[in-house]
Amino acid sequence: RGVTNWNLLSVAGTKKKFTCPGLGLFYTILSAFLFSVASLFLKKIEDVHSVEISAFRCVFQMAFVLPGLIYYKTGFLGPKGKRVFLFFRGFLGSGAMILLYYAFQVMPLADATVITFSSPVFTSLLAWIFLKEKYSLWDLLFTLFTITGVVLIARPPFLFGSSITGIEGSYTNHLKGTIAAVISAVSTASTFVILRKMGKSVNYFLSIWYYAVIGLIECIVALFVIDEWTLPYCGTDRFLLILIGLLGLGGQIFLTKALQIEKAGPVAIMKTMDVVFAFILQILFLNHLPTWWTVGGALCVVASSSGTAVRKWQQNSKKAKENEI
């Protein structure tokens, strides 16, 4: 989910006319709600490994994208000079999804959601390293704030002592989930850099196609290695798997519609509702109250990602005005 969301935010550039003021932001909130409910259902599935859930998600993505590929006549491999970029976009993007789903299963919903919001900050850092984009003192400050937020959520014993409360399950699983979520965020950021490198020369449907196909291959190989390939044991889990796919697809559709009628900056800021919904759903349906450490970490990460989004929005608006002049 994180890959597709921020990919959409990064490619949106202009504001189009629309009839209903605020409709784009409403679509963004609706998208955030659907994604959050899908994450909640993922935590409710008990007998299916996160990698297998990712495989089902990839199948849904393929079924959704295939008609688009046929309609736009893009082919299934893409331009020869872009296939390497498409491969790594698919490999890193789907890997980010698998790691994120694992993090959702082994750590509190809100904690994992918050860490995923660090990806825009990592994008700025990687774009500076690999694309030679400008990296200001503000970007450095946002990066440090993000790291602080992740540390507050992870709460390593050498800083917070051996007695750690408020985590879900064992601290070992909490730490594994944190590491998985961070690597997922960095992988997501890497895909943004790849997408920027490719530019608009590759159809969006083709990009998602690589994401789904390579992700499915990754999942199948991983499931054979860890020997976890099983069909859900009960009808409830099967029903939840279908709902996760449908809700994820619905979230992407509403986010796409939001970006068609609203600028990327306001949409990026409004997407922080993901974190709000995650906290609410965790309290209401999982009976897990977040600690003040988690709340503090969330504030650091959300402030950093929002600040990064606002700066990019201002820079793009300034460039657009200069081009008009």
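Each position is counted from 1, following the chain as shown.
From the backbone N, Cα and C atoms, a Cβ is placed for every residue, glycine too.
Annotation comment: TrEMBL describes 23-154 (among others) as domain 'EamA'.
Sequence annotations record features per position, and here TrEMBL assigns domain 'EamA' to 176-305 (among others). The DSSP breakdown of the domain 'EamA' (176-305), given as helix, strand and coil counts, is 107 helix, 0 strand, 23 coil.
The transmembrane segment annotation in TrEMBL covers 24-42 (among others).
Through the fold, the transmembrane segment (54-72) approaches residues 94, 97-98, 101, 203, 205-206, 208-209, 211-213, 215-216, 219-220, 223, 241, 244-246, 248-249 of its own chain, all at least 6 residues removed from its boundaries and within a Cβ separation under 8 Å. The transmembrane segment annotation in TrEMBL covers 54-72 (among others).
Through the fold, the transmembrane segment (84-104) approaches residues 1-4, 39, 42-43, 50-51, 53-54, 57-58, 78, 112, 115-116, 176-178, 180-181, 183-185, 187-188, 190-191, 194-195, 197-198, 202, 206-207, 210-216, 218-219, 222 of its own chain, all at least 6 residues removed from its boundaries and within a Cβ separation under 8 Å. The feature transmembrane segment is assigned by TrEMBL to 84-104 (among others).
The transmembrane segment annotation in TrEMBL covers 110-131 (among others). Sequence-distant contacts of the transmembrane segment (110-131) (same chain, six or more residues past either end, CB-CB distance under 8 Å): 2, 6, 10, 36, 39, 100, 103-104, 139, 142-143, 146, 149-150, 153, 174, 177-178, 181-182, 184-186, 188-190, 192-193, 196-197, 268, 272, 274-275, 278-279, 282, 290, 294, 297-298, 301-302, 304-305, 308-309.
Under the heading transmembrane segment, TrEMBL lists 138-158 (among others).
Feature annotation from TrEMBL assigns transmembrane segment to 178-196 (among others).
A Cβ distance under 8 Å defines the sequence-distant neighbours of the transmembrane segment (208-226), meaning residues of its chain 6+ beyond its ends; these are 3-4, 49, 51-52, 54-55, 57-59, 61-62, 64-66, 69, 76, 78, 86-87, 89-91, 93-95, 97-98. Annotation source TrEMBL lists transmembrane segment at 208-226 (among others).
The transmembrane segment feature in TrEMBL is assigned to 238-255 (among others).
Positions annotated as transmembrane segment by TrEMBL: 267-286 (among others).
Packing against the transmembrane segment (292-310) from elsewhere in the chain are residues 9, 108, 110-111, 114-115, 117-121, 123-124, 138-139, 142-143, 145-146, 148-153, 155, 160, 166, 264-265, 268-269, 272, 275, 279: each is 6 or more residues past its ends and has a CB under 8 Å from a CB in it. Sequence annotations record features per position, and here TrEMBL assigns transmembrane segment to 292-310 (among others).
Averaged across the domain 'EamA' (176-305), pLDDT in this predicted model comes to 82. Remote same-chain partners of the transmembrane segment (178-196), defined as residues 6 or more beyond its termini with a Cβ less than 8 Å from a stretch Cβ, comprise 2-3, 6-7, 10-11, 85, 88-89, 92-93, 95-97, 99-100, 102-103, 106-107, 111-112, 115-123, 125-127, 130-131, 150, 153-154, 207. Taking DSSP states H, G and I as helix and E and B as strand, the domain 'EamA' (23-154) has 110 helix, 0 strand, 22 coil.
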